[in-house]
Structure formats: structure tokens, C-alpha cells
Amino acid sequence: MTHRWRLLALIIFGLATRYTSDAQPEVTLVNEYPCIDYLTGPTYLKCVTDHPAQRISFGRETNIGLDYERFNDDLWGTREFIFPQTYWPGSMFTLVRIAQDFRIGSFFTELQLDDGSTFRILTVKMSKFAPIKPVTMCQRANVGENVTIQMLSQEPVERGVYWRRNEELMLGKRTLNLTLNKVTNDSCGVYECYRTNSERNAAVQGITRLIVRACPDEKWGTDCKEDCPKCYNGGICDPENGECICAIGFTGPTCERPCGARKFGQSCQHQCNRPNFNADGDDACKYYVFCLPDPYGCSCNTGFKGLDCTEACKDGTFGAGCTETCHCLDDVPCNRFTGACPDQCAEGWTEGPYCQHECDPGKFGVNCENTCHCEDDVPCNRFNGSCPGACAPGWTGPACQVRDYCVSKPCQNGGTCVNRDDGYRCNCTSWHVGKHCETLRDACNPNPCRNGGTCQVLQEEGSSAVENDDEHKCHCIVGYYGLYCERVDHCEPDNPCLHGGTCTTDWRSYVCHCPTGFAGVNCADEDPDAEEEHFMATLAPLLAGAAVTAVVVGGGTTGVCYFLKKKNVITPKAITTTTTTPAPRPLRQSLRLKMNANMNRIEYDYEYT
């Protein structure tokens with residue numbers, strides 16, 4: 001008996017469900033255990049959709065080097081069926097254990113619609129023992145971009161590797177990183193990487209898919225000139241209709257709403273349930289790869305990453321394949337399934353707890369609560385508010401966030417405006433007062449002079465004088481002095497110095513400068529020594545080099561008579577008695593100077609009483 005058509009590695013089990021006829025049908029291909037142990041491990045594909053199972057088909061996309069002539073009746077003598085799983089409508093495709101390495105490769109599910117059109121979804125399965133593995137099993141790019149497909153090797157690759165695209169050998173490509181410049185739709189396909197042909201024949205090569213979106217980034221339409229909407233949380237803009245294809249675990253017109261852990265579907269209506277498997281709760285979607293129609297391709301459910309979708313997202317990342325970055329204040333980790341932050345959004349992000357919306361132009365900061373103030377309404381930096389150019393009128397500071405209350409120049413009459421947090425302050429010139437320096441100030445009003453002093457204004461408006469001391473003068477009444485008549489004049493009105501003494505006052509008392517012949521605090525005491533000292537000080541410059549003649553003055557006392565010839569210094573010791581001893585001091589001395597111009601002579605007498 002011939003079983004040629006039964007010698008597929010794929011056994012189909014149909015499950016009829018609700019029927020819908022959406023123009024964009026909702027269909028998800030679930031790939032369990034994408035990295036399989038082809039000797040023992042079970043695996044299957046399931047097309048999850050509300051469309052009738054009769055319109056669902058499965059098949060192999062490419063031949064990866066396996067010898068399909070090896071199929072025979074003995075190999076497929078045992079066929080395995082999976083019981084219906086009512087919580088997932090659609091059709092299941094079981095790859096039985098006995099098929100072994102024929103379960104490795106690229107596969108598809110296809111859905112036929114009422115109008116005869118079809119939707120095809122592709123996925124790949126590879127050996128968990130492959131020495132060379134891709135970084136990801138599905139990679140997306142926009143047309144015209146440069147792409148690098150990366151492979152990782154468990155061992156050093158000394159002789160290089162081989163690359164194939166859609167089974168065709170790519171000449172000259174021998175490194176683990178395959179770079180494709182300016183990709184086109186022809187670059188799409190299944191890529192294989194292996195070291196030797198024997199590895200490929202043994203189905204232990206690295207396998208991945210490249211999907212090229214038909215338009216440049218953020219564009220759609222037949223001529224790719226239409227702008228795409230912003231698709232959040234890893235969503236992809238459909239190049240044909242401009243709608244967002246949401247990543248697994250998210251929904252909404254722009255994919256802004258998360259489904260939460262272990263859910264999928266356009267309306268989050270499906271849930272991962274793993275009976276008889278130790279993966280309950282949030283981990284129920286482990287080991288599942290979820291695939292959507294191109295250009296989305298395949299990814300893990302939200303919260304997981306890795307080739308077999310068993311690794312939880314690291315702190316700071318979330319979403320399908322952990323490709324999205326958290327935007328929480330102070331880098332606090334977000335929920336790895338939804339992206340929700342426990343507190344506020346980081347600077348530059350907003351829109352509720354998920355913090356996935358960038359600040360609108362003109363807004364910035366935490367939760368986008370601050371307003372930009374850039375000249376000509378140019379958008380500012382959404383993180384710190386800094387402007388690319390100047391600040392708008394009325395604002396200043398590094399981020400143009402300090403209100404410039406002085407821009408209107410409110411200070412009059414030469415006053416200087418100073419910005420403050422709550423407004424401004426005018427530093428007025430010395431001649432003006434008031435909030436805006438609007439009032440001319442009278443330096444004598446109020447009167448700064450104390451103790452009855454009279455104030456006189458010295459400067460006029462517009463003067464360059466700025467010191468208060470130059471603006472007025474105090475005319476003090478008798479008995480007071482100082483800039484403001486604040487000091488008592490101890491010399492007025494009654495001079496305490498007698499005999500014509502001069503009085504000088506200070507802040508504590510007064511000092512008398514006495515005339516010759518008087519001394520004491522008030523110059524009340526006579527000072528006989530002072531007259532003689534004053535006389536000799538006056539006479540000395542005149543008696544220089546004079547001829548000296550002894551004369552009898554009276555009482556037998558010998559005096560001295562000087563005849564001037566030239567001026568020399570003389571001291572009191574020059575006046576002596578005949579015994580050359582100093583003459584006695586007189587009680588009163590008087591000097592008569594008689595000048596004889598013809599004889600050039602001075603005569604003087606001592607008179608005693």
C-alpha cells in the first residue's frame with residue numbers, strides 16, 4: 001500500500017469554530033518548541049483563528065537538504081493525533097516523533113477567505129543541537145536598509161561557513177555575519193548557515209527568516225508616500241493599508257494597550273493554558289513562538305525572549321521578545337509584560353502607567369507636564385526642555401524655564417531690573433524710589449539731620465552722584481556737628497578754653513590748645529618757662545655770629561651785648577655772668593629790639609623787678 005502523500009511530517013487535525021470574514025483576518029500561528037530535540041521531543045504547529053478549519057492548510061516552505069526519498073511506510077506507520085483544545089479555535093498540525101529530523105525546516109499555515117484570497121504565515125523549526133544558531137529566528141527590515149544577519153557558533157569557525165537563501169547557495173559569503181546592503185523584496189526568505197554539507201544533511205544548521213517590509217520606515221501605500229501612524233510597543237505599520245499590526249500581547253488601533261501576561265490575539269481574547277505542564281501563571285506561554293502575517297513575522301509572547309522563548313525579560317525591558325525599553329522615572333524596572341511603571345514616567349514620556357508616548361511637541365519633563373519656551377515655538381528637548389536656539393520672549397535660563405519678568409523693562413528712570421522667582425525687583429538710582437523707580441526722591445525728606453539740624457539738597461535729578469553722602473548736607477545748630485549732626489560739639493556754644501585758647505572737640509570731650517605763657521586743661525595756669533623758650537626760639541635765628549660785649553646791666557650783674565654781623569644759632573648759655581655761670585632767671589623778661597640799618601646792630605636789655 002502506498003502512503004506517498006501520507007509521508008509528510010505533518011499530520012493535520014481540524015477543529016471547526018466560529019466563522020468571521022474580516023478583510024484582515026485574525027490568524028495566529030503558534031509554534032511550540034521551535035528548537036526541538038528531533039530524536040525524542042514532541043512539537044506541533046497550530047493555526048489559531050475563528051475561521052473554519054476546512055479553510056486551513058499546512059505545508060513545508062523550503063527543502064533544507066533532507067532526503068525525502070527516505071520516507072516509507074514503516075517510518076510513518078504510527079501516526080499521532082492531538083485531542084481538541086477548545087480554548088484555542090482553529091486547526092492543529094502535529095509533527096510526530098518518528099519523523100525525527102524531518103521536523104526541521106520552514107513551515108507555513110495558509111488560510112483561504114471567501115473571496116478566494118489567501119493569507120500565509122511562515123515559521124521555522126531547528127535542532128536544539130545545532131552548533132551554529134541565529135541570534136533570532138525572525139528578523140525584520142524596511143526596504144532600502146542595510147541588514148546584518150548574525151549567527152553564533154559554539155566552536156571556532158576556522159574554514160568559514162556556507163550561506164543559503166531559499167535553498168540557493170550564496171557565493172562568497174563565508175563569515176558568521178551576513179551583511180546585505182539596501183535590501184529589497186527579493187532579499188526576503190529563509191537563510192541557512194552551516195559549516196559542512198554533512199551538517200546540513202543532518203539538519204543541524206542555523207535557520208532564520210528575513211522579512212523585508214515593502215516601504216521605507218514609517219511609510220506606506222503603493223508609492224510609499226503616506227505617513228504611518230505611530231505604532232507602540234513593537235507594532236509594525238502595514239505597508240499596504242497603513243494600519244498597525246500589533247506585537248504579540250498588545251492591542252488597540254496603535255497597539256497602545258497591553259493584554260497582560262499569557263494572553264494574545266487582536267483583542268487579547270486567547271490565553272495560554274498548559275495542562276499537565278509545569279508552566280502555570282505568568283509562565284504559561286513559555287516555549288511558544290507566535291507568528292503573524294508578514295511583515296510582522298514571529299516573536300515570543302510579551303515578557304519572554306530567546307530562540308525557544310524561555311528567558312524572562314531583563315530589568316528595564318519588556319514586550320514581545322523583550323525588545324521594548326521601560327520608561328520609568330529613575331530607571332525603576334517596569335512590568336515585563338505590560339511596560340507599566342510603579343510610579344511616574346521618566347522625563348520625556350507620558351500616557352498613564354505604561355509611559356510609551358513621547359511628549360508632544362512643546363512639552364517636556366516628567367509626565368510631559370512642563371511647557372517649552374523656545375523662540376518661534378520651536379520644539380524643545382523633550383527630556384530637559386532645552387531649546388536649540390534662543391528662548392522665547394519673556395523667558396530665560398539654561399532650559400528657558402525662568403520667567404524673564406524684566407523683558408518688558410518695567411524699571412523707570414535708569415533703574416535696574418532683577419528677576420526673582422515670584423516676579424522682579426527694581427534697583428533704583430539714588431534719586432528715585434517706588435516699585436518701578438517712578439518717584440523722584442527728596443534727599444531731605446524725611447529729614448536725615450538730627451538734633452535740630454537743617455537739611456540742604458546738594459544734587460539735582462540726573463546727577464552722576466550715587467553715594468548718599470553726596471546728596472545732602474546737614475547744617476547743624478550750635479553744639480552739634482557731623483554728617484547728620486549726630487555728634488555733640490563740646491567747644492560750643494561757650495568756649496571752655498581761657499586766655500584765648502583754641503578748643504578742639506572729639507566724640508568724648510574737648511582739648512584746649514593754649515597760647516604762650518598758659519597751660520592746663522582750660523589754659524587757666526601761667527607757664528613762665530614758655531615765654532623764655534618762645535623768646536629764645538624767636539631770637540636764635542637772628543643772633544648768628546654776632547660780636548659779644550660785656551655790659552653792666554645793674555646790680556653788678558654782667559649782661560651781654562650782641563652786635564649782629566651774620567646770623568648764627570645762639571642758646572641761653574651764651575648769656576653768662578663774669579664768672580661764666582648762667583645768669584639768674586628773671587621773673588619777667590621783655591625784649592626791645594632796635595634795628596639800626598646803618599650799623600646793622602641789635603641792642604637788648606634785661607630788666608629785673
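Using the three backbone atoms N, Cα and C, a Cβ is placed for every residue, glycine included.
Per TrEMBL, the feature signal peptide maps to 1-23.
Marked as domain 'Ig-like' by TrEMBL: 89-205.
Taken from TrEMBL, the feature domain 'EGF-like' applies to 225-256 (among others). Through the fold, the domain 'EGF-like' (225-256) approaches residues 24, 28, 140, 213-215, 218-219, 263-268, 290, 292-293, 295-296, 299-303, 319-321, 323-324, 337, 339, 351, 354, 356-357 of its own chain, all at least 6 residues removed from its boundaries and within a Cβ separation under 8 Å.
According to DSSP, CYS255 (disulfide bond) is assigned to coil rather than to any helix or strand. Within 10 Å of the C-beta of CYS255 (disulfide bond) we count 22 further C-beta atoms, all protein chains included. What TrEMBL lists as disulfide bond is CYS246-CYS255 (among others).
As annotated by TrEMBL, domain 'EGF-like' applies to 402-438 (among others).
What TrEMBL lists as disulfide bond is CYS428-CYS437 (among others). Within its own chain, CYS437 (disulfide bond) has CYS411, GLN412, ASN413, GLY414, GLY415, CYS426, CYS428, THR429 as residues 6 or more apart in sequence whose C-beta sits under 8 angstroms from its own.
Look at TrEMBL and you will find 440-486 (among others) tagged as domain 'EGF-like'. Taking the domain 'EGF-like' (440-486) as a whole, pLDDT averages 75 in the prediction.
Note on CYS485 (disulfide bond): other Cβ atoms within 10 Å of its Cβ, all shown chains, come to 22. Mapped onto three states, the DSSP output places CYS485 (disulfide bond) in coil. If you look up TrEMBL, you'll see CYS476-CYS485 (among others) marked as disulfide bond.
According to TrEMBL, the feature domain 'EGF-like' maps to 487-524 (among others).
If you take the C-beta of CYS523 (disulfide bond) and look for same-chain residues 6 or more apart in sequence within under 8 angstroms, you find CYS497, LEU498, HIS499, GLY500, GLY501, CYS512, CYS514, PRO515. Per TrEMBL, disulfide bond is recorded for CYS514-CYS523 (among others).
The transmembrane segment annotation in TrEMBL covers 542-564.
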Integer Cα-Cα distance in angstrom, CYS476 (disulfide bond) to CYS246 (disulfide bond):
92
The one of CYS246, CYS476 whose CB sees the fewest other CB atoms within 10 Å, among these disulfide-bonded residues:
CYS476
Of the residues in the domain 'EGF-like' (402-438), how many are helix, strand and coil by DSSP?
4 helix, 14 strand, 19 coil
Nearest-integer angstrom distance between the alpha carbons (Cα) of CYS246 (disulfide bond) and CYS485 (disulfide bond):
89
May I have the DSSP-based helix, strand and coil counts for the residues of the domain 'Ig-like' (89-205)?
15 helix, 56 strand, 46 coil
Using Cα coordinates, what distance in whole Å links CYS485 (disulfide bond) and CYS255 (disulfide bond)?
84
